[in-house]
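**Student:** Below are the structure tokens for one structure; questions will follow.
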Ligand SMILES: Nc1ncnc2c1ncn2[C@@H]1O[C@H](COP(=O)(O)OP(=O)(O)OP(=O)(O)O)[C@@H](O)[C@H]1O
Ligand SMILES: [Mg+2]
């Protein structure tokens, strides 16, 4: 495993009308790691994601991707770099089938996405690849189903397939297991473990058992600032972390799982 | 092969949808060809021009989710440019006059779009309204539009310099052909690779951004296509009625096209056609009746009724009940 930094922030800060949601964050994500961003509700985790993917402009600070500043880029350009995010609330194209969801991600590379004079049948040759991706996340039998009609856990898996269609070098997942039953959680954990091979993952996660099972490194955020950083053992042993966030029971629960 | 097998239901469904659409077009074409023998051609041409206008508007509202309150500007730009050219250059054939009028609307549409597209929701509508009012005042003041009087006596000329459009029947078939072309462009746009991305953007814009799509550029293209087709409708209308006037540029016209589209069914392919037919017929009937002065009030009431009781419009409601009963 390489130890190169893939993503780095320096003094990243976001203020909303005087309220500091992200406070001078220096984050370092190593290539090939599954890196967790944890912290209590309202700590600023989603806001960090929005800053990293340029859905929000930072008030101050710098973002570097493989050592190059990307602070001035647009959200869609970040995605084209290979840095693809998911959303805290499931983000699918509801009135398209599962296959079409994946295909719309695949079609970007064809370079015909502005071609309004071509038939959509010119996209049919992407169907096989789309099926492979659906297969990879166990959604083969949902290919033809409209996404609105799919169960919640399956929608989240579909998001992963759609993201994989872009062949990202780094995935940012905002609470991929939120609101799921234990069975779905296990499925998603396995899925993340599998797709993280050869990739970097930065994930926000509340479920500490998931964090302990998956993550190489953890950054704890509280009130917008970094409180602690390290592997699971050192972070969960940190008394400041226990006090600010986890509460001792939560840590033990997570560690024993 | 396993893959192809699994895909069969999806592909079959798509093929069936295509077949159904094909049948509907055939019916539409048959009705269109026969119509002038049953109804008054001038009335039919008016319906077709407004239907094309409404279809263009529907592309923007129904498929890109953008509510423009300034579409009259494109209708009028097409109409005035074509009217001015055909009046000033007697050698110019009508199809060229219409082509230039349409291109003018494309240019104005690109400018409007570039200024408005970044705004969301009601702000987008307001910017388009403001720009359309600006265009209205330009048309009132410019020497080439004939100011309050408008342009009269625009010659219909001969199509390709060969086929005289003086007879209403010949004119009708030309207008019908223009309508079919416009309709086909919209059809294709909706069912194209571009149409897929547009749909994704309408379904979930942030997700489309996170997949790397520059959503503003996609919206702008929809705006420009819509403006161009609205211009095509205006240009054609000018040739039919040999007249371009400020009525087309007035904000009432922007409101009327919203009414036609919502009444017929936004986001449906045939809704705008039905809506335009209804509104034009109503205006026609009412103008001849003692209720002539109440046209706007009655249309307004219909609008309110439509919004309150059947939101998906006439075609939308029919499609819903068909789906419910035959599935
Ligand atoms: N657009 C915004 N405008 C104003 N305040 C905001 C905005 N977005 C987030 N905030 C505030 O910033 C703080 C951090 O929010 P954020 O959503 O990043 O938290 P989080 O760590 O993701 O929480 P959760 O675990 O609940 O998802 C919150 O207090 C929130 O109210
Ligand atoms: Mg959050």
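Indices start at 1 and increase along the chain as displayed.
Glycine residues also receive a Cβ, built from the backbone N, Cα and C atoms like all the rest.
Remember, TrEMBL labels are computer predictions, not curated facts.
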**Student:** In TrEMBL, which of B:151-168, B:169-186 is tagged transmembrane segment?
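**Tutor:** Within the set B:151-168, B:169-186, TrEMBL attaches transmembrane segment to B:169-186.
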**Student:** Tell me which range among B:2-22, B:23-43 TrEMBL lists as transmembrane segment.
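**Tutor:** Of the candidate stretches, TrEMBL labels B:23-43 as transmembrane segment.
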**Student:** Hey, which bits of the same chain come close to the transmembrane segment (B:50-76), Cβ under 8 Å, at least six residues off its ends?
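**Tutor:** Distant Cβ neighbours of the transmembrane segment (B:50-76) are 105, 108-109, 112, 116-117, 121, 124-126, 128-133, 135-136, 139, 178-179, 182-183, 186, 189-190, 195, 198-199, 201-202, 218-219, 222-223, 225-234, 236-237, 244, 246, 248-255, 257-258, 260-261, 264, 266-268, 271-273, 275-277, 279-280.
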**Student:** May I ask for the residues of the chain that lie six or more residues beyond the transmembrane segment (B:169-186) and have a Cβ under 8 Å from a Cβ within it?
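**Tutor:** Residues 29, 32-33, 36, 41, 44-45, 48-49, 51-52, 55-56, 58-59, 94, 98, 156, 159, 163, 225, 229, 232-233, 236, 239-240, 269.
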